Amino acid sequence: MKIKILCFGKLDKKFYIDAFNDYFKRLKKYVDLEIIELKEEVNGELNKIKDENSNLLLKKLQNYKDFEKVVLDVNSRLISTENLVEIIKTNLNYKSAKILFIIGPSDGYSKSFLNSFTNKFSLAKITLPHQLCRIVLIEQIYRVFKIINNEKYHK
């Protein structure tokens, strides 16, 4: 299976980098994982910034037409680990076994961007810093593969 995480910015704090690298190494056993980092537009009027960043995402997504796209959005449906297991299992069993998770820009997506996707969910109803969101997502993906493979998860 191939999983890509499309996100804005780079991990810049050692503790985030260490945590991410730990889960990244663990996941190699189960999945081909790639991180795609985009440079976020931060200057200008809020709606214009949202549009520019969303357009940048849409342009980048053209390279991944055969991937199932999953948009992470704080205002979307809250999911559990079990829900994520089903999303990944379904993709493993019935689709191309390619998933692209999208972690949006800090100011959020444009309305038109969000409206163009049906597969959206939230990891939490609290706002997470982007770097922490990336860690939570990769940890949950790792947990999912431990569950799918009936392996014990060591906390």
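Using the three backbone atoms N, Cα and C, a Cβ is placed for every residue, glycine included.
The S-adenosyl-L-methionine binding site annotation in Swiss-Prot covers L72, G104, L123, A124, K125, I126, T127, L128 and rests on sequence analysis. Using a 10 Å radius centred on the Cβ of A124 (S-adenosyl-L-methionine binding site) and all shown protein chains, the other Cβ atoms total 12.
Taking the binding-site residues L72, L123, I126, L128 in turn and counting surrounding C-beta atoms within 10 angstroms, the largest count is reached at L72. Across L72, G104, L123, A124, K125, I126, T127, L128, which the record gives as binding S-adenosyl-L-methionine, the greatest C-alpha separation is 15 Å. Classification of G104 (S-adenosyl-L-methionine binding site) by DSSP places it in coil, neither helical nor stranded. Looking only at other Cβ atoms within 10 Å, the busiest spot among the binding-site residues G104, K125, T127 turns out to be G104.
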